[in-house]
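Asker: Before I ask anything, here is the structure I am working with.
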Amino acid sequence: MFGFLKQVGDYTRDAVDAARNLTQGLAVTFDHMKRRPVTVQYPYEKLIPSERYRGRIHYEFDKCIACEVCVRVCPINLPVVDWVMNKETKKKELRNYSIDFGVCIFCGNCVEYCPTNCLSMTEEYELAAFDRHSLNFDNVALGRLPTSVTTDPAVQPLRELAYLPAGEVQPHGVDPSRPRAGQRPDQVLSSLKQNAGGSAGNEGESATSTNTSKGSAE
C-alpha cells in the first residue's frame, strides 16, 4: 500500500515539474511572439547597422606612416604594407597597402591600435563577389568612401513609395501595434492604385461641384 502511494506521489511530483517546465518554455515562446518579425525582404529591405558595426575597413593613405602595427596585432598577419626606406630623409615611404577581405575576420584590432587613426570600420557589409581575388582591396579601393545603407539608390526610391516607411526597421524595441516596417510589391502596387483612384475620384467630384456651381450661378 505504501509503495503504491509512493509511486502516485512520485508521478504527481514529476507531472508538476513537467508542467512547470512546459509553462516556462511557453512563456519564452509567447514573449517572442510579441516582437516584430526579423526577416526582411532583402535587397529591397536592408537593416541599418549599429554605430559600432564592424564592416569594410576604410583606409586613408595620407595618414599612414607604415609602422606595421596593424600587421603585428592582426591575428592572421593579413595587412600587406609595401614601403621603402628613403635614404635622404631616413624615413619610410609607403608604396602600397592592401587587405584581403576574403580572409579578414573583421576583429577590428588594426583599427583599435592604429596610432594615426588611418583605419576605420564602416557599415558596408555587401562584399560578395564572383572572384575571390577581387576581394583583395588595395589602398585605392580601401580609400573609397563607404556606401551608406540609408542612401542606397536601390532602396531610396522604394522608401519613397512606402515600401520602407519612415521609422525603425529594427525588429525589437518597437511598439507591436505598429504595422510591419515594409510592404510586399503587390501591396505597394495596390496602395498606389488606390491612391491614384482616390485622387481621380476627388478630381471628378471637384469638377462636378464646379459645374454645379456654374449652373446655379446662371
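Count begins at 1; order follows the chain as displayed.
Cβ coordinates come from backbone N, Cα and C, glycine included.
According to Swiss-Prot, the record shows the following:
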type	residues	note
DOMAIN	55-84	domain '4Fe-4S ferredoxin-type 1'
BINDING	Cys64, Cys67, Cys70, Cys114	[4Fe-4S] cluster 1 binding site
BINDING	Cys74, Cys104, Cys107, Cys110	[4Fe-4S] cluster 2 binding site
DOMAIN	95-124	domain '4Fe-4S ferredoxin-type 2'
REGION	168-218	region 'Disordered'
COMPBIAS	208-218	compositional bias 'Polar residues'
Asker: Given the binding-site residues Cys64, Cys67, Cys70, which lie within 10 A of Cys110 ([4Fe-4S] cluster 2 binding site) by CA-CA distance?
Answerer: Cys70
Asker: So of Cys64, Cys70, Cys107, which of the binding-site residues has the fewest other Cβ atoms within 10 Å around its own Cβ?
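Answerer: Relative to the other binding-site residues in Cys64, Cys70, Cys107, Cys107 has the fewest Cβ atoms within 10 Å.
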Asker: With DSSP helix as H/G/I and strand as E/B, how many residues of the domain '4Fe-4S ferredoxin-type 2' (95-124) fall in helix, strand and coil?
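Answerer: Across the domain '4Fe-4S ferredoxin-type 2' (95-124), DSSP assigns the residues as follows: 5 helix, 9 strand, 16 coil.
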Asker: When you rank Cys64, Cys67, Cys70, Cys114 by Cα distance to Cys104 ([4Fe-4S] cluster 2 binding site), which of the binding-site residues ends up on top as the closest?
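Answerer: In terms of Cα distance, Cys104 ([4Fe-4S] cluster 2 binding site) lies closest to Cys70.
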Asker: What's the CA to CA span in angstrom from Cys64 ([4Fe-4S] cluster 1 binding site) over to Cys74 ([4Fe-4S] cluster 2 binding site)?
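Answerer: Cα to Cα, Cys64 ([4Fe-4S] cluster 1 binding site) and Cys74 ([4Fe-4S] cluster 2 binding site) are separated by 16 Å.
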Asker: Please report the distance from the Cα of Cys67 ([4Fe-4S] cluster 1 binding site) to the Cα of Cys107 ([4Fe-4S] cluster 2 binding site), rounded to the nearest angstrom.
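Answerer: Counting only the Cα atoms, the answer is 19 Å.
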Asker: For Cys67 ([4Fe-4S] cluster 1 binding site), what is the tally of other C-beta atoms lying within 10 angstroms of its C-beta?
Answerer: 15
Asker: Helix, strand, coil residue numbers for the domain '4Fe-4S ferredoxin-type 1' (55-84) per DSSP?
Answerer: 8 helix, 8 strand, 14 coil
Asker: Would you count the other CB atoms within 10 A of the CB of Cys104 ([4Fe-4S] cluster 2 binding site), including those on all shown protein chains?
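Answerer: Cys104 ([4Fe-4S] cluster 2 binding site) is surrounded by 19 other Cβ atoms within 10 Å.
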Asker: Using the recorded [4Fe-4S] cluster 2 site (Cys74, Cys104, Cys107, Cys110) as reference, state which further residues of the same chain have their Cβ within 8 Å of the centre of those residues' Cβ atoms, listed in sequence order.
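Answerer: Apart from the listed residues, the neighbours are Ile57, Cys70, Val73, Pro75, Ile76, Leu78, Pro79, Ile99, Ile105, Phe106, Gly108, Asn109.
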Asker: Quick one: Cα separation, Cys114 ([4Fe-4S] cluster 1 binding site) versus Cys74 ([4Fe-4S] cluster 2 binding site), in Å?
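Answerer: Given the Cα positions, Cys114 ([4Fe-4S] cluster 1 binding site) is 11 Å from Cys74 ([4Fe-4S] cluster 2 binding site).
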Asker: Can you grab the distance from Cys107 ([4Fe-4S] cluster 2 binding site) over to Cys70 ([4Fe-4S] cluster 1 binding site)? Cα atoms, rounded to a whole Å.
Answerer: 12
Asker: Within 8 Å of the Cβ centroid of the [4Fe-4S] cluster 1 site residues Cys64, Cys67, Cys70, Cys114, which other residues of the same chain have their Cβ?
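Answerer: Other same-chain residues with Cβ inside the cutoff are Ile65, Ala66, Glu68, Val69, Val81, Cys110, Pro115, Thr116, Cys118, Leu119.
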